[in-house]
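> Heads up, here are the entries from TrEMBL:
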type	residues	note
SIGNAL	1-22	signal peptide
DOMAIN	26-117	domain 'Ig-like'
DOMAIN	118-208	domain 'Ig-like'
TRANSMEM	220-240	transmembrane segment
REGION	246-278	region 'Disordered'
Amino acid sequence: MPCPAMLLVVFSTVSVLHSARAQNEPRINASDHMVLSLESHSNPPIILQCNLTSASSNHKESYWMKNGEEIAGTRFKLKLTEYKLNKPRPDDAGEYMCVYTFEMAPDANATIEVKASPEITGHKRSDNKNEGQSALLYCKSVGYPHPVWTWRKLEGGILMDIENSSGRFFINNKDNYSELQITHLDIGTDPGEYRCNATNIIGTASMVCILRVRSHLAPLWPFLGVLAEIIILVIIIVIYEKRKRPDEVPDDDEPAGPMKTNSTNNHKDKNLRQRTTN
Ligand SMILES: *[C@@H]1O[C@H](CO)[C@@H](O)[C@H](O)[C@H]1NC(C)=O
Ligand SMILES: *[C@@H]1O[C@H](CO)[C@@H](O)[C@H](O)[C@H]1NC(C)=O
Ligand SMILES: *[C@@H]1O[C@H](CO)[C@@H](O)[C@H](O)[C@H]1NC(C)=O
Ligand SMILES: *[C@@H]1O[C@H](CO)[C@@H](O)[C@H](O)[C@H]1NC(C)=O
Ligand SMILES: *[C@@H]1O[C@H](CO)[C@@H](O)[C@H](O)[C@H]1NC(C)=O
Ligand SMILES: *[C@@H]1O[C@H](CO)[C@@H](O)[C@H](O)[C@H]1NC(C)=O
């Protein structure tokens, strides 16, 4: 069994090493996390600030990152560095980070979260498909943290949750994007109003996508229409011809023409004669 004194020595050495490392680690005093409340049209500018308050090694430069990517034009040799959002918009929400680089030590950083309620900035307004085909509806958002997405369908005035992989419904979420795929479209049950819902800890937003499903005969309709027109036309012509044929027999005979005019002339002559006799 190890003696208690030896354990104590080991423990205190570890804690001394630990505190020495902590002292050497650079310290950054950064702005607090914040929430963008974008109610009005002219939001006041927001300044994100980091201050390197202690470091064991000389620092080289500092820069800013947003959502894991360096923001161009932010590299300076400053201990106190600022990033200004002049006109904050929903897509300014995200995870900001100031990074300090050193001559003899690894980089140090601090994170400032700028949170905002989701806002849906793009969506499929409507999709028109034939029965049996697949439909794809989607919504895109800005805001931070990335929302939790759900899809619902309006059924008799009630929004019903759509379950992923419940046979024909597939939901695919990628941070600020969500899509709903519906396969083997059913003309009886699938058309209607679908609603994507994006919710994070700050707020919620939703948007409507309309799905229309046509009968699979639909592509044939123009052709069937023309065919129906031709058939009706043919029937009309046949009936017309059949009814008219007996009357038209003399008309078809060319020599009958002059005879007809003669008869009317004779008639006129008769009238004339009648008038003269009166
Ligand atoms: C950190 O910065 C805030 C203002 O941004 C200031 O009020 C606070 O005193 C600073 N703390 C230290 C330890 O420098
Ligand atoms: C930044 O840190 C330095 C050193 O700790 C301190 O003197 C200075 O007041 C700080 N500046 C701000 C704006 O917090
Ligand atoms: C930020 O610092 C952490 C350790 O504190 C490190 O794991 C991470 O890689 C750093 N990120 C960047 C972008 O420097
Ligand atoms: C969505 O997030 C990706 C990275 O996750 C980003 O590249 C893209 O710009 C974002 N789109 C919007 C509209 O915020
Ligand atoms: C839905 O299910 C598919 C597999 O069928 C999976 O790849 C996808 O990540 C699931 N989406 C959600 C939101 O659970
Ligand atoms: C989104 O769904 C959540 C959870 O059901 C609900 O509380 C919220 O009101 C919905 N958002 C909208 C805009 O309908």
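Placement of Cβ uses the backbone N, Cα and C atoms for every residue, glycine included.
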> So, by DSSP, how many helix, strand and coil residues make up the domain 'Ig-like' (26-117)?
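Counts, helix then strand then coil: 3 helix, 52 strand, 37 coil.
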> Averaged over the whole of the domain 'Ig-like' (26-117), what is the pLDDT?
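Summarising the domain 'Ig-like' (26-117) by its mean pLDDT gives 91.
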> In the domain 'Ig-like' (118-208), how many residues does DSSP call helix, how many strand, and how many coil?
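Residue counts in helix, strand and coil order: 0 helix, 58 strand, 33 coil.
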